[in-house]
Each structure stands twice: as structure tokens, then as C-alpha cells.
Amino acid sequence: MDVVQHDDLDEPLSLPAAPAPVPRAPLPVVSALAPVLGAVLLWAITGSVFALWFAALGPVLLAASALDARRGARRRLRRAARESAAAVAGVRTGVAARHEAERADRWAQHPDVAGFAGAPEDIWRPVPGRPDALVVARGDAASRLRVTGGDGGVAARDLQRSARRLEDAPITVPVESGVAVVGPPLLAAAVVRALVLQVCLTAPPGAVRLLEGAPRELQGLPHTTASSGRVLCAPMDAGALPPSADIPIVRVDPGRPPPPRCAVVVTLTGIDSARLDHEGTSRDVRIEALSVGQAREIMALLRARNAAAAAPVEQATGLAALLEHAPPAALDRLPAPIGTTLGRPAVLDLVRDGPHAIVIGVTGAGKSELLTSWIVALCRSHGPDRVSFLLVDFKGGRTFDALLPLPQVTGVLTDLDDAAAARAVGSLRAEIRHRERALADAGARDVADVDIPRLVVVVDEYAALVAAHPALHDVFGDIAARGRALGIHLILASQRAAGVFRDAVLANAPLRISLRVTDAGDSRSVLGTDEAVLLSGSPDARGTALVRRASDAEPHSLRVALCDDATIARIAARTPGPRARRPWLPALPAVIPLDQVRAPGHIVLGIADQPDRQRQPAVHLAPGEPGLVVLGRAGSGRTAIVRTVAAQCGATCVIPADPEAAWDATVALDGLRPGTAVLVDDADALLGRLPPEYATAVLERLETVARTSRARGVLLVLTAQRLSGGLARLAELIPRRAILALATRADHVAAGGDAAGFLADAPPGRGHLGGELVQFALPAGDSGTPARCAPPVVHPARRAAAFIAPPGPGTRATLAAWSDGGLRIAHVADADADLRPGVVVWGTPEEWLAQWRLLARARGEADLVVDVACAAEYRVLTGRRDLPPYALGGARRAWLVRADPDAPARRVALPGGDAVP
């Protein structure tokens, strides 16, 4: 009998409030005076005395209105009373219903002997709290139900009081309290008999043992032979109660005091009534009594159940002996002897009894031995052309390693390589499609009609597998639903059943096997009975199981045969033919040389992994695509992808890491030829090294390339560690994005990847492209780091020169070098400062701006040499709005601006000192 939970018992019921008194209607004084005033007015006008009779209507209307108001008030009061009575009746009905539910709950939790007789499946069933309580009687008990509200009247108080009292409820006491039954010997003995049998129905032998000295009719209980458990004592003489008794139940003659050990005293007052004294309270109850005949029937039931649980364990048989009599192979069957039943081979047919099987059992019960023997027995009768196995071991052991020599075994997957195991199982969707296509091409409805071997997927510790990869629930549910016709069979083993197997699997797995379990719910979920809880846990009973097919009315026992390594070796040696085809592809290699995948006329990026399609196709950059964005941390393989693209393109424009060279390269982007690949490595780092206005200009040029790439036939490939600001806007113009390994999962998601696809320890070149896992190809050799080209050293000998630079050692060194070269140095503030060939006029920006006439003349007649330290004043000094070429600060760089307004500014190096190349 299952315990039904009624959560609404804790919700109180509410009585309606008392009907509010109807307010007294006011007297219609104005309406009553109106006829009087009208009569007086008519009399004054007409002079007729008869007009005064109308004045009598005032009192009449007043009396009629009062009577009508009183009648309406009484009617409303009666209606409110009827509604209140109906609501009270509804609450009373609710109280009765909830009491009935609560009573059923309590009796289901703590049945007496009659309750066990009505639900024999509850005998010895482990229920929390049941073994620690003893039902001594039935009677009134406090209910959890509460009734609130009401008018405070007698009826409401009576209903609230009755709601707090639950009638005919089990009256329980702690089982170790000790019970003394006082009354006439025959009746008291019947009550003791019922209490003792109730304890024995609740707990099996081993949990409770009955001491010698019990009444003769109870000495046949199986609990009398138990050697462990709490001690139940029911002596014939109350004075013979031993101090070691844990559960004393004694009969006491009237007039004699109960033993001090007994805290509960039941004094019989009638054939089925008694007074219960416990913890200082006394109340009247009804008791349960059993006759000797009834007791003997219950003892026979308990002895039979105990005999079934303690039946001699069938001896384990070697699998090799059973295989000599194995049934022949057939296309539409997979029979295999996996053990013995009463000394005869027990044969399970995974096709006819299945198509799928569920196996449960606690650790050490023999699940691994059962699975091993089952697989070996199938391999003995069926070659790789008829059956293949995918074995998954997720309990951290090496259960299936010994089966690898069998050619039918396509592979053994363990939780030691979690990703590979999940990948292989996920590939079964592709195997389903492969078999569906094969059946469709052959015009067949079942795999038995075509030449396709059956695939058996065996999972040890299914619970651990789906806990680590919840998405596989759907995969196994799909296989369970469609596997019969496609020839894909599941054998799923787990320690528990509750909460592990979903309905989609259970509904399609009629072959159920249970070894010993400790939870009756698991046994009922798989077998429909509690019998698996009663299986022995002794070492010599390891491998004892209960099997139930769809056609079985009840489970039958089975002793699993034992398989040794020699049997496996013999079967592997005598099995002809090649190994069975793997239903999954190997994982992507850590390195893919570009020469292995290069295809003329295509830009090959690498190899994609499509386990759900059993494919690993090459990934290309299709003609006309605008480009590719590659994101990844340092060492993730970003630069290698750039080199891979460069190795397959006829013309490339590489934007180098050097800011000066990168600026020059971006300036030249306007003149790109069709078919050119623009390659930008570490774009975020490059933009970070440039001043904001230069970074903005570079981004604008790259955006122009991205927007016009299809029209111009140009490809843009850029890499970065992360996208932000303008670079993120540029990346949005390039739809294809490769996400390599990043530092954190948050970075992976921010880059546009799926959180589940985060690769913390991926090899270089491994990442996701378009939602697929890809290993990018690596070109041969090393591109190296391009040498930095130093700008030319400026020496203004042929034209007049204006040198604008701040004072300092560097400026003095430059002026000294020019002086040593034959040039005359003049200061802009000198009176003899003149702009002519062979003369360099030097001054700070402030000094040149103070000599604005000379500065204007220098713009039109001389070469301006502006030190990069004066970049802030460049536009006001030169009169040009365009950005000059980027020049490194602190590297002795300057800009040479010719007097010709059409000549662009040039980056130059200043002489003197050590210029940075």
C-alpha cells in the first residue's frame, strides 16, 4: 500500500463570518408629509373639506414603508443565513474529506495486522519511521487540520473542535517503549499476539529477533531463528522479562502491577475496547486482537516469504560450459545463455525479449559479470557480420578491457576520456540515419531483411553518463524508440532506477533485470515488485538476479554465469573475418599539415568534426566571401591560420605588427588588385599601439576593405584576442568567425561562442567555426618576423630647411650632425636668420609661431622638418589637415614636409644619436 501525500492537509479551512445585522431603514418622513401638505393646499384652493381626506395618506404611507423595510430586512437576513449554512456545510464536508485522506495516510504509514493483511506487498517493506513505531490501538488523535474564521458561535466552535480531532486513527507509541496488556488472560493473550505479529510484519528477520519464551502459537515465526536485530520479547510470565529486551510486550493479569520496563499500559475494558495510559495521559481506545488460527495463517505467510528470500543460493556456472549448448544464430534473433535457472541454461533473446534491456543492482551485486557474460555469449554465436558492440564504462573501472580482443567489439569508452565517450555516443544519431538510408535503399522495413549487422550499445553506470552529459537522454530516448527496426539495441546498467531512466527509455525496454538493490522503489520501478530488495547480499550470492520479460506474469530468478579470460581468448581466436565497423569517427588530430588537405583552387582552412553525421569534411573559404575573423588567446594558433590563408593566396597584403609599417600598408589598401588577401594578425594589439586618431584611421580603411571586398574580389582575414570598440564594429562586417581557445568561458561567450563549446585545454589551431569543431591546418615552415625598415635619414643640403623641434640633447645632436655636414645653423629668433640653401633655421614650435611671417615663408619656400615630439602642433605649423605618416615617438623620427602642397609628408630619421630602426 503506497503512502499518499496530501499537502493540502496543512492548509486551513475557513468558516464564513457571521451574517452582518441588517441596518434599520430610516422612516420616509418627507414622503409621509407630502400628502398632508398637498391636502392642505387643495383645501385652501378649493375650500372643500373633502380635500383634507388626502392628508390621511401620509400616515398610511409611513406605516406601509416601515412594514416593507422590516419585511426586506428579514428576507435578507434569511438569505445570508442560508448562504452561511451552505458555506459551513461545505467546510464540514471538506473536514470529512481531509480527515479521510489524513486517516488513510496514517494507516498507510503505520498499518496494523489488518492493514498488512489487506496489502501483503507492504510486509517487510522499508518505510522511513515505520520500524520505530508500534500501533497499539485505534482511536481519536490530534489532526493536522485547522479551521479558522467563524462567528464564534456554538456550531462554529464545535466544527473547529471536531476538525482538530481525527477519529479512528492509528495510536502509535515508540516500539521500544514496552507494552503491558492488562486484562482477562484469553483476551489479553490475543492482543499481545496481534502486537507481536505486527512487529514481525513490519521488520524482517535480522532486523528483529524473537526471544524464546514467547507463547507457543508464536514460536514458529522466522524471527525466532534470527541471530541479529532488536530483541522482541513476549514472555508468558510478565515477571520473566529479561533486561536485554529492546521491544517488550507482556500480558499482565488484572490486579497485578505492570513491569517497570513497560511505559505503555493497555487495560482492557471490553471485547474490543481498552484504556491506554502513556506519558501521564489516559484515554479510551479500541484494540486489535488475533485468534490462534489467524496467527498461524500469518506465521505461514511469513515463513514462506522468508524461505523464498533465504532459499539456497544456486551455484554459479562457468560460461564456457553453457556455450557448448548455445542456441543457433538467426537473422531475426540474438539469443544468448547468460546463466542458469534451477540448473538449466537461462537464455535471453535481446531481439524477441527486448529490443532493449535495463539492468540495475548495487555495487558488488554482479552487474559487470552479467554484462561481460552476456556480450561474450552473443559473440560466441554471432560474428562481426551479424552483431557489433559499443561498450561504455562510466564507473571509473576497466570492466570491458578484457573484451577488446573480440572482433565484434568496436571500442571501449570510459569516463577517463569523457569527451570521447560523449562524442561516440552522440554519433549514434548518424548511425540511425545511416541505417535508415540503408533500409530505404533496400526497400526493407526491418534490419533482418538487409545485410547490416545489429549494433548493441552496452552502458555500465548509465546514471553517471547522463549526469555528465544530460543531452544524451534524448539520444538514448531516440534510439529506444526507433532501435528495433534499425537493429540498434541498448543494454543500460545502473545502480539505481529512480530518477535515472526516463519514460522514453522505460517504455521501450521490456527486458528488465535486477540484481540486489536496497531501495524497494528501484525494484518496483524495474520489476513491478519488491523482490529484488530481498535478494541476499552475501558474497556467495553475487550474481543472483531476477529477470522479467514483457510476457512474464512475475519475475524469475537467474544465476549469472562466470566468464574467464581464457573463454574470451578462445572465442576471439576462432571468430573469422575483419573487425566490426565503428559507428563513430576518431577525434580530430591535434595537428593537420596543410599539405594533407590542400586543394587547388580553394582556400582550405582545416577539417571540421561532424560526429552526428559521421563526417570530417574540409572547411573552405568560399570564393566571394568577405573574409574571416579569428579570436583566441596567446598560443591558440591565430597566427598559424593567417599563415595558412597566406600560403594558399596568390597575392597578399600583410599588415605587420610594426605600427609604422602597418600604417604604410593600410595607406596602400586603396590600390589592391582583385584576388588579394589582406591579413591582419593581432589587430587588437596593433590598434592599441597606435594613438587614437591613427587607430581610427586604420579601422576606417579596413572597414572600407570589408564593405567592398565582394565587389573588389578582396579577402580580409584578421585575428585578435578580443573584440571591443571599433574592432567589434569591423568584425560585424565579416560574417565568418573562428573562435579558438580563450582564457575563460566568459570570454568565449563574449566572442559569440556557446558556453558548452568552451575549450579550456584545446591544442593550437582547435576551435569552432560556424558552430562546428574545426582543427585548422598548419603550413610547413616558419614565416618568421619581418625585419623593420628604417626610414631615410634627412639631410637638407639642396633647399632651405626649417627645423621645428623642442630643445634637448637629441635636437643638439641633430644640429651638430648637420653642422658637421657643412650646413649653417641659425636660430629662428636671430636677426640674420634667412631661408636659403645650405642653411637650417631651427626653433621650438612656440618660437616659430611667434615668427609667423618667417613661418609662412618657410611653408612656401623651404622644407619643413618637424620632430615627432611636436605632433600636437603639426597641423598649425604645416597648415595641413591630413594626418602625417605614423612615426614612433622617442625613436628620433620626424616628418619632412616639402613646399609643394601636393607632395605628401614623409617619415624620416634625424641624424645624430642612435635612431631606432
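Cβ coordinates come from backbone N, Cα and C, glycine included.
All annotation found in TrEMBL is predicted automatically rather than curated by experts.
Among the features that TrEMBL reports, transmembrane segment is placed at 25-45 (among others).
The transmembrane segment annotation in TrEMBL covers 51-69 (among others).
What TrEMBL records for 343-524 is domain 'FtsK'.
Marked as ATP binding site by TrEMBL: Gly361, Val362, Thr363, Gly364, Ala365, Gly366, Lys367, Ser368. DSSP classifies Lys367 (ATP binding site) as helix under the three-state reduction.
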At a 10 Å cut-off from the C-beta of Ala365 (ATP binding site), count the other C-beta atoms across all protein chains.
26
May I have the list of same-chain residues other than Gly361, Val362, Thr363, Gly364, Ala365, Gly366, Lys367, Ser368 whose Cβ is within 8 Å of the Cβ centroid of the recorded ATP site, in sequence order?
Gln495, Leu515, Arg516, Arg542
Have a look around Gly361 (ATP binding site) and count the other CB atoms within 10 A of its CB, chains all included.
27
Among Gly364, Gly366, the one of these binding-site residues whose Cβ has the fewest neighbouring Cβ atoms within 10 Å:
Gly364
Have a look at the binding-site residues (Thr363, Ser368) and report the one with the fewest Cβ neighbours inside 10 Å.
Thr363
Across all the protein chains here, work out how many other Cβ atoms are within 10 Å of the Cβ of Val362 (ATP binding site).
18
